[in-house]
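Notes for the one structure printed next.
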């Protein structure tokens, strides 16, 4: 090993040794250890993370100022005039308007409440102080203060409302206390705020009275569901009570309002529906109805009724809901399975007869068939009527708007719906309409041979939601197509109506616009259609003439009569299920 390598090894060994410090020699014994000093330092608060709002949050009425709230409300109402042309027919706009009006009303009530609380505190501090004056002194003091304030009107502008509120409440406490005052000390104030009315009508939503004598009913879509456990057989006394809404006042020399429209139709088709064929009525009677959840209509429009035109009418005793027994069979066929036009009803279909539910096609078709069976024995008019089921109008609409090259063959297949029935020999044809989750009714009135007034089409709608013009137009085209088909044969040898009317039938079909009772909610359109049929069959003459149109009126029957039909149909079906279960 060389000397140089040995020196390198010695250096490396010395570097690897621990370095030891002699603190006793490095530090003097008299030196003191410095004290630890803790200094509080405030770190700057980090800026909050950016907040991202969704469209719903930015459009929330609570985030708007009063001015912006009023501007949005006016703008939405202006847009609502275009509702029929919108994809959802203005439904979303109506809901937005309802939210804005609710927020505006909340702010008004909240501001009034804050003013009352502030005035109450002023009154409390005044009455508890030692300088409470008698009534005369208080009046003189207020008078003198008023004179002093009148000298400087520039400082009075912002305090006018507060001074009026304070003086009003102070006057209540400055007067001698009497029994009547103790009971109605704040009667006027509570009446202005609407609290007195809510006290007498607990649990009910307030009715807004407008300056023109009309009243604004709350949104029926937000009403509370009062009927529970309906299918379990619980008797709903509240659900069966007749509506307490006042009804129409009879005016002297008042007749029904209607007009006759007799115009020629153009044969231009509106829609292009390419449909291959039509099923028979029997095939359609087994079709599943849409679920009840999809039948909910959202309606946020307020209903306005005229108080001056209504008065209370004695309501009839409502029929009680029967209990639903257990162990019933799943379905029945009415009147029997052997009947060629029987209607099948499942036990589950009874759910639509619960309060606030929308009637389904099986129940509607059942009751129309039930009316035919019940009235035929006592009234001859039922034999001269033809009832199409609830699925017919959709097929009618497809047939009259079909634009294929085989239009004639298409109509021949469509005629299977009334195979073997001469429609023009009937006195009345009933066509139920179901569109946009709403029910309405069309009645075709056919005259006899002595009457040359022509055919009349009636459209009865308890809410006025359906397009009367398009529905009547489709029915007219249907009657014309049937007339063209029958004219190809020797049908004219034995005409059921006047020869003059028959030769010019396309121009002798008119529409009579009539007024009918209107429902007070948005879920009784089905019972109203069935009650229209029931009442019409009971009261209509053998053949309807123009002079008979006076039977139609908004006071034709009470709305609660039609609403009560829901319970009657349910009880009838339960009894039929019982009888069918016993026989089988």
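In case you wondered, yes, glycine gets a Cβ from its N, Cα and C as well.
The region 'Disordered' annotation in Swiss-Prot covers 28-64 (among others).
Annotation source Swiss-Prot lists compositional bias 'Basic and acidic residues' at 99-120 (among others).
Annotation comment: Swiss-Prot describes 99-323 (among others) as region 'Disordered'.
Swiss-Prot lists 121-132 with the feature compositional bias 'Low complexity'.
Under the heading compositional bias 'Basic and acidic residues', Swiss-Prot lists 142-165 (among others).
Per Swiss-Prot, the feature compositional bias 'Basic and acidic residues' maps to 176-196 (among others).
According to Swiss-Prot, the compositional bias 'Basic residues' annotation covers 197-207.
The annotation compositional bias 'Basic and acidic residues' is assigned in Swiss-Prot to 221-253 (among others).
The compositional bias 'Acidic residues' feature in Swiss-Prot is assigned to 261-274.
Summarising the annotation, Swiss-Prot assigns compositional bias 'Basic and acidic residues' to 275-286 (among others).
For 438 (among others), the entry in Swiss-Prot reads active site, with the evidence type similarity to another entry. Over all protein chains present, the Cβ of residue 438 (active site) has 20 other Cβ atoms lying within 10 Å.
Under a cutoff of 8 A between CB atoms, and with a sequence separation of 6+ in the same chain, the neighbours of residue 461 (active site) are 440, 441, 468, 516. Sequence annotations record features per position, and here Swiss-Prot assigns active site to 461 (among others) based on similarity to another entry.
DSSP assigns residue 525 (active site) to a helix. Residues annotated as active site in Swiss-Prot: 525 (among others).
Taking Cβ-Cβ distances under 8 Å and a sequence gap of 6 or more within the same chain, the neighbours of residue 525 (active site) are 358, 359, 438, 439, 440, 462, 463, 519. Secondary structure at residue 461 (active site), taken from DSSP and collapsed to helix, strand or coil, is coil.
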